[in-house]
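A short worksheet on the structure shown next.
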Amino acid sequence: MVTRDVVAQGTFDILHPGHVHYLREAKAMGDRLHVIVARSENVTHKAPPVVPDRQRVEMVEALDPVDYARLGHAEDIFVPIEQIEPDVIALGYDQHHEVEGIETALDERGLDCEVRRAGPRKASEDEILSTGSIIEKILDERS
């Protein structure tokens, strides 16, 4: 029996239902889900995480869809992908990475891997599906 390994990645600063949705969709793309949690110093496209690196890994690892969680490499985001050798890389619907750019980088490294994008989760009326929005709400309500 062939096992399909899937990689998901992200910051996962303050966990919310959007993260769970992404990880469930990623898990459905294969048999084993490996999650690479971005190191704080590598998060440059948005505000740095509030929650420490190891704590974010521990929280992600505790989620049902996740089989393995690890901290990303300090200098090269593709090192863990080379170690895992996944069949699929699952991108979140709102992640800033472009599928074509990831595919090109994988080809350059000799990695044969499908790149797919998970779909969005529609928020219910009272749901907050963004870490930034959660932080803003906390600041508004606790000030």
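In case you wondered, yes, glycine gets a Cβ from its N, Cα and C as well.
Copied from Swiss-Prot, the annotated features are:
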type	residues	note
BINDING	Thr11, Phe12, His16, Pro17, Gly18, His19, Asp94	ATP binding site
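Within 8 Å of the centroid of the Cβ atoms of Thr11, Phe12, His16, Pro17, Gly18, His19, Asp94, where the record puts ATP, the same chain has further Cβ atoms from Gly10, Leu15, Val20, His21, Tyr22, Gly92, Leu129, Ser130, Thr131. Counting other CB atoms no more than 10 Å from each candidate's CB, the binding-site residues His16, His19 peak at His19. Shown in sequence order, Pro120 are the residues of the chain, 6+ apart in sequence, with a C-beta less than 8 angstroms from the C-beta of Asp94 (ATP binding site). Across the residues annotated as binding ATP (Thr11, Phe12, His16, Pro17, Gly18, His19, Asp94), the two Cα atoms farthest apart lie 14 Å from each other.
Cβ neighbour count for Thr11 (ATP binding site): 23 (other Cβ atoms within 10 Å of its Cβ, all protein chains included). Here Pro17 (ATP binding site) comes close to Arg121, Ala123, Glu127, Leu129: these same-chain residues lie at least six apart in sequence, with C-beta atoms under 8 angstroms from its C-beta. Annotation for Phe12 (ATP binding site): spatial neighbours His19, Val35, Val37, Arg56, Met59, Val60, criterion Cβ-Cβ under 8 Å with sequence separation of six or more.
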